[in-house]
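Sequence annotations record features per position, and here TrEMBL assigns transmembrane segment to 28-52, 72-99, 111-128, 134-155, 167-184, 190-211, 223-241. What TrEMBL records for 69-207 is domain 'Peptidase S54 rhomboid'.
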Amino acid sequence: MEVEPTSQVEASPTAKAERIARLEAMPWVTYTLLGVIIAVYIAMLIVGHGNVDRVALLFGDKEDDLIRQGQWWRLVTAIFLHGSWVHIGVNGLSLYWLGNQIERLYGRRRFFVLFIFSGICGNLLSFLKQPAPSLGASGALFGLIGAGIIFPIRYPKLISPKARKAILTQLIWITVLNLGLSLAPGIDLWAHVGGLIGGGFLALFLMPALLDPRPVNLWRERVLSLITAGTVLLCLLSGGLEWRVATKLSQRESLVTYVSSSNNPWWSFRVPKSWRPIALQQGSKTVLVSPQGEQLLVTERLGASPVQDFMALWPQQVQPQSGQVAGKPAWLAFLQSGSTYFDICVIQPYPTAFVRLVLVAPSAMASKAHADFLRILKTVEFHHQP
């Protein structure tokens, strides 16, 4: 996006020099946002052992049930999360291209507020219209597009008619194309629409810093700095609250050990001491229940294939991810069906034997259930072949 000032606007040599310096300055906010988004994605890969979907809840994706319970900060934290390399790659490149231009146009402070405000608006409309979990910076990016469309309409005297026409044509086509792509399955259309509306709305009140012919106003600068600082604090507070919740879910309650069988204890696992068995050692099945109502179903199987076991239980609904538990081959998946959340793990420690662990919980407890499940998996031990 190139901005071409008209001859109608006159400014002092000092003001022109400041604008040129701003144009040539590095877009540090854009690069910082990119760095944070990449760092968060790497952290999700590490914690999720390569599967970011499994830890999206713990990192703060948009979960409607949890937001209704008071976790409002997920409207902010979800902006910085991404679900795959393709997802973060597309959004990262878009942020690099749009951010470079919009930040230089509006200035660092206005740009940062615009980005976060648009992302929140996108997640809020998604919360109101689309119940499925979602994450990503797409809503914020659509807000940048919205601001790019609004500014030449709101301030027509700041740029030439030729530049205004070029900007509007380019961005409107980009908007139509991307909204069309948003109709594909798995894409949160409402987050994109909400971000576009939010960014366009805020741009009605933002004078592009690069083209602002007004003299510097100390009061206006202080207000802008205060709003920017408040936005930074909002992001830090949101991240801190999600960190506290995730840490609390992983608090080290004392564990007790359950062995596989009283006759032949060839493997064992540990659960929090407050969990109680409902039906312990019914054949090869163990069922444990937490005080909050989570149910852990543990089954030993001999002879069958772990993948066959998955397909028998959840045909065409689960795509298990391969990994390791206790150094043994394992297949892991999670499933949300209606108001119920499932964490599933099948481990094959020996060629002719495997175990299955399934944690069942209400969807509203998905974050806690997932943290409990990961903690239990870390305690699994295999002692000898059955």
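Each residue, glycine too, has its Cβ placed from N, Cα and C.
Bear in mind that the values here come from a model prediction, so they are computed numbers and not experimental data.
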Under an 8 Å Cβ to Cβ limit, what residues of the same chain, 6 or more beyond the ends of the transmembrane segment (28-52), are close to it? 58-59, 80-84, 88, 91-92, 95-96, 99-100, 103, 108, 111-112, 115, 137, 321, 323, 332
I'm checking region-level scores; what's the whole-number mean pLDDT for the domain 'Peptidase S54 rhomboid' (69-207)? 88
What stretch, picked from 72-99, 111-128, 190-211, 223-241, has the most CB pairs under 8 A with the transmembrane segment (134-155)? 190-211
Tertiary contacts of the transmembrane segment (111-128), as residues 6+ beyond its ends and Cβ separation under 8 Å: 27, 29-30, 33, 62, 64, 67, 74-76, 78-79, 99, 102-103, 134, 137-144, 146-147, 188, 190-199, 201-203, 206, 227-228, 231-232, 234-235
